[in-house]
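A.B. asks: These came from TrEMBL, pasted as-is:
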- C:Arg47, C:Lys53: NADP(+) binding site (BINDING)
- C:Arg124, C:Ser125, C:Ser126, C:Asn240, C:Ala241, C:Gly284, C:Lys299, C:Pro300, C:Val301, C:Ala302, C:Thr303, C:Arg325: FMN binding site (BINDING)
Protein chains: 4
Amino acid sequence: MGNSFGKLFRISTFGESHGKGLGVIIDGCPAGLKIDEEYIRNEMQRRKPGQSKITTQRKEEDEFQILSGVFEGKSTGTPIGMVIMNTDQKSKDYGHIADKFRPSHADYTYQEKYGIRDYRGGGRSSARETSARVAAGAIAKLMLKHFGISIQAYVSQVGDLKLEKSYLDLDLDQTENNIIRCPDPVMAEKMIDFIDEIRKSRDTVGGVVSCVAKGVPPGLGEPVFDRLNAELGKAMLSINAVKGFEYGSGFEGVKMRGSEHNDIFYTEGDKVKTRTNYSGGIQGGISNGEDIYFKVAFKPVATIMIDQESVNEVGESVTVSGKGRHDPCVVPRAVPIVEAMGALVLADYLLISRANKL
Amino acid sequence: MGNSFGKLFRISTFGESHGKGLGVIIDGCPAGLKIDEEYIRNEMQRRKPGQSKITTQRKEEDEFQILSGVFEGKSTGTPIGMVIMNTDQKSKDYGHIADKFRPSHADYTYQEKYGIRDYRGGGRSSARETSARVAAGAIAKLMLKHFGISIQAYVSQVGDLKLEKSYLDLDLDQTENNIIRCPDPVMAEKMIDFIDEIRKSRDTVGGVVSCVAKGVPPGLGEPVFDRLNAELGKAMLSINAVKGFEYGSGFEGVKMRGSEHNDIFYTEGDKVKTRTNYSGGIQGGISNGEDIYFKVAFKPVATIMIDQESVNEVGESVTVSGKGRHDPCVVPRAVPIVEAMGALVLADYLLISRANKL
Amino acid sequence: MGNSFGKLFRISTFGESHGKGLGVIIDGCPAGLKIDEEYIRNEMQRRKPGQSKITTQRKEEDEFQILSGVFEGKSTGTPIGMVIMNTDQKSKDYGHIADKFRPSHADYTYQEKYGIRDYRGGGRSSARETSARVAAGAIAKLMLKHFGISIQAYVSQVGDLKLEKSYLDLDLDQTENNIIRCPDPVMAEKMIDFIDEIRKSRDTVGGVVSCVAKGVPPGLGEPVFDRLNAELGKAMLSINAVKGFEYGSGFEGVKMRGSEHNDIFYTEGDKVKTRTNYSGGIQGGISNGEDIYFKVAFKPVATIMIDQESVNEVGESVTVSGKGRHDPCVVPRAVPIVEAMGALVLADYLLISRANKL
Amino acid sequence: MGNSFGKLFRISTFGESHGKGLGVIIDGCPAGLKIDEEYIRNEMQRRKPGQSKITTQRKEEDEFQILSGVFEGKSTGTPIGMVIMNTDQKSKDYGHIADKFRPSHADYTYQEKYGIRDYRGGGRSSARETSARVAAGAIAKLMLKHFGISIQAYVSQVGDLKLEKSYLDLDLDQTENNIIRCPDPVMAEKMIDFIDEIRKSRDTVGGVVSCVAKGVPPGLGEPVFDRLNAELGKAMLSINAVKGFEYGSGFEGVKMRGSEHNDIFYTEGDKVKTRTNYSGGIQGGISNGEDIYFKVAFKPVATIMIDQESVNEVGESVTVSGKGRHDPCVVPRAVPIVEAMGALVLADYLLISRANKL
């Protein structure tokens, strides 16, 4: 279990890195939504490997096919089934790790849990799995767009290089203008150079993706357990390599006094607004109509090009050598994944919020 | 919806701060577990208000009653129903905020979402709701104990006062020896003084609770969406006032290189171990048998004793005056809540891990 | 697990026959619904024992208390917690069956499943459990009434005495006018006499409850698995002693030709109607706006006043003697239970149907 | 929503009759199960159209492909994704019903619910959807076989032709020996002749499928709502054209006295057995180790070759003419579908039963 996400706008995914294919079922997409395949394709492109010198050179075409749930260009309300066939599967590349546990990968835990695993490219634990999320997330984004909601992520930190500016002082439309997906061009340059250096040293580094959702109406979120922030947190922590999540003032907020941190209400026309937004657009687990923003921490990629000690399935000491084509830093490609998962949560909670009314 | 948590060890809660009572149903507690009511009572005491000079002086007795699911001292496998009646409900204290939106509380969002709210003491959004979680969590802890698993939380930061030591260098059994619940006595003293100062200034401050689970077997966690870390994150983010969650190396880990961050495997007897534990005991969303540790950020309490501007339900400017008996810092009382939610996740995932086997 | 029902209008129940109390949490009742406690009390009265000479003479007062989720007479959208304390628990009556498996009761299966059981009065498997369903169902009925939907059940068969008339030829408002709850006064009389005779012979007999829902709008039901008829079937089959469910033409319909059975469409104003209703108001798993009707088969009550052979927990032959106060036929008291479960399904599906729209 | 079934052994399906393809994800199949593709293919053959003169002559090859979750012939514990591409889609056949509501089909209700529908061949409401169930059910049956559990269905009634014998007096291994799938050769002959006659009259007729599961251990079922019989009932009622479900003594049992109907316990070695089995192997919602048996009523197929009155989407009177290739009676092809859904329930509940133990 564990391969479905969402309640009313619900996805279920399948697929391994080097199996025949991956896919997703979206159950609960409202009928009548225009399904723009070009838009979905573009989202897939943003995630796919081989985009630039700072991402893996592995080629995956990520061609998706919609098998059901769309008729004459529109969603019908029935499940949308999508498949992405695997093509460039250099399975032989993985023979050398068939029985070894790569450090800080999921090899050991899958073996312990299931007693069997498809070791090729990490199998189900491969980041390739996120392609299905991005495909589904693209449809969620189309639905959100219909309701006037946008979601945009960007890279705000790579290693020690941290963008201190608030998203309010950035032009998020610049994000796609550089290969690191940082909307500050100066910082972007620095980050790219830094990752390139890391890559040359055959090592990897972590980073942070920030994300902002605008136009979210008040009322989304289901306390006490299914708070909007709790579900966003779960969504983000379900992405490979994520180690932390914070929203609004986050970990920094703990240092503040209540008198500084409280967001004062005022009215603008007939709208209730807040003067600051340390709440990150969510109060008591429910959206308040302000921008929702949050940060997601990604650890350094576990696959490095440096030899490492480890053990194999029978407990013998072995050396794991870096091989294949991997990312020195995951964050540029994580940007569309964070958006996808965020969009899935918002789409789901938007539908929920419309149900429980007299 | 949103008031249930867990899949196989599942709780559903109800209750407002100033209604007749609160309660919880635990559905899925295995039969035959010795239900130690004294232990549950003790856990409730750790959460309850009025414990010390640095917590609210409000008195809530938090007497629980088990109505079902226990026979001759043991769980029967049927739902355990528990109620906690409200007694010290000074509802009149809340007349002054009946139609006002207190800054950074859930007053506005509940009003927007539901169109009606029990304003007394925050109603459902009150931290009083967590008493039901602690009651259920105590039973989860009893079950975990049966399987040799422990979970212990402690205060690791208040405002700027941050305990830099790893949990490995602390004696966690010291945690309950001081009123701030910090296992380092020197830091505990500083934190207590600091909170006392904050309290006198009629303000509030945030903090961080750290938590460690030991004895968790490898194999808990259900990728790709229901990773153990994702569910722990959701559990923590569902607690009032929480703004962030990180596990293992967390946000700091993003600065590291893969070559430093990777946890090298070795064998000890027939056990596979890791030399470091930046993974926080979870790899690929599945426990690996090492200690699980994580941190939870709590914002400063929103109720301050200082006048604040706000608006009321009809959009007029109003002043909200601090009144009543509130915590200057939530973290000492949050320690048992973090443990309870962590225990509920582990109990649930432990049961799940036993099902899907041939 | 297994003690929750519904998705958006969701109930969770707890409680044993002779424990301290029973209860239910309703999570998802829309805010702003007037909660008429008198109405709920009346529904509870219809289910409670001791109503007439043909039901058990056991006295249970079934006094419920609403602990949360209602403020100033209206639902607040937060969970409604209700408890029903047990009072007339003659636990000593059950000493004689403490280790015996009563034939066709759940004693053996609970013992096998859980390894422990509260044998007093059947514990969790007692029909007393349905009091919580009726309490929750009453609130569902209040919500349905708000939307112009009614649900009415009645006894249509006791033993061989079968009411052949369609519900269309009955005045369902007569149902509550007699103690058997059959809207045909002549048949009612026969059924009452028959049950009385059965009672005197210290035996029991089965029966059928029919149910009709009017005013259900088209569009309720979630194919392919969560068809409206499938969920109604599950709801009914979850009631104690139920052995069968059919809707529309049911088992009789299999004998018909398609050309007879098909319900021909026509229009009445701008409404699409069907000339016959063998579909029972549901086509393709979705309500079509016609009356929904179904039948529920109840087996003879397992507790008889006649000695029976059996075995005990250690496998020895024993005699089970009938003792205590039991129903000779369950159907008159099952009428409000069938309505309650039907109302819960319709309330849930009504909310769901409002969510998945653009 | 509504396109997933099961809790721990959970399937999600997608696909329309005349879209690109159908498919299913199985999430929760235990790792290490030998996946016998030949066996799955054989199950698919039993369901597919064009098998004999009494089923539709439509050709669908029902070639499935496993895309994930299986490695070197065994399940890996990760989701098993399967697709069945549509090939023989004579979409033009359906132009004549594009805007008409066929009587007793789901055309009207889908249109009302979703506002849009893929009218070709019934779209999602087509029985073609059940091919994905049979594929998944085949894997469930493989798992059950591993645990010594079998499930076998057969046709027990067509129109008025009713097999009065109990399954105990039949040789169920004869079922596949004739095209109607009735294990009594004499009755089989009669049924086949009768259906052939119905077919010639361009009409259709209903029938009943009976099903028996053997080897089910005691303890499966999750009262109070998720009783084993309730979930079996839901599973069966989720199949196209099903109008009723009964288990054990069913609707006939209502006529019996408690003293006849009660299943007397005795011991055989250290096993507790019952002398009769009116309970149908389930007591209190939990399996008791005896054979589980139940019946499923199927209405006459709605598509007839006779002209019928109806209305179209704008409410005009129209004539619907029978066209295409359809079944005169659904039951022979329903046999493997009933088995598949039954197997999915048993597989799921078997896994659940193993979790909630100390």
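Using N, Cα and C of the backbone, Cβ positions are placed for all residues, glycine too.
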A.B. asks: C:Arg47, C:Lys53, C:Arg124, C:Lys299: which of these binding-site residues has the sparsest Cβ neighbourhood within 10 Å?
C.D. replies: C:Lys53
A.B. asks: Note down the number of other Cβ atoms within 10 Å of the Cβ of C:Ser126 (FMN binding site), including every protein chain shown.
C.D. replies: 21
A.B. asks: Checking interface proximity: list the binding-site residues among C:Arg47, C:Lys53, C:Arg124, C:Ala241, C:Lys299 whose CB sits under 8 Å from a chain B CB, in sequence order.
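C.D. replies: Cβ contacts with chain B under 8 Å: C:Arg124.
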A.B. asks: Quick one, of the binding-site residues C:Ala241, C:Val301, C:Thr303, which Cβ has the fewest other Cβ within 10 Å?
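C.D. replies: Among the binding-site residues C:Ala241, C:Val301, C:Thr303, the sparsest Cβ neighbourhood within 10 Å belongs to C:Ala241.
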A.B. asks: In angstrom units, rounded to an integer, how far apart are the Cα atoms of C:Lys53 (NADP(+) binding site) and C:Arg124 (FMN binding site)?
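C.D. replies: The Cα atom of C:Lys53 (NADP(+) binding site) is 26 Å away from the Cα atom of C:Arg124 (FMN binding site).
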A.B. asks: If I take the Cα of C:Arg47 (NADP(+) binding site) as reference, which of the binding-site residues C:Arg124, C:Ser126, C:Val301 has the closest Cα?
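C.D. replies: Nearest candidate: C:Ser126.
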A.B. asks: Filter the binding-site residues C:Arg47, C:Lys53, C:Ser126, C:Ala241, C:Lys299: retain a residue only if its CB is under 8 A from a CB of chain D. Output in sequence order; output 'none' if empty.
C.D. replies: C:Lys299
A.B. asks: Can you tell me how spread out the FMN site is, meaning the largest CA to CA distance among C:Arg124, C:Ser125, C:Ser126, C:Asn240, C:Ala241, C:Gly284, C:Lys299, C:Pro300, C:Val301, C:Ala302, C:Thr303, C:Arg325, in Å?
C.D. replies: 44
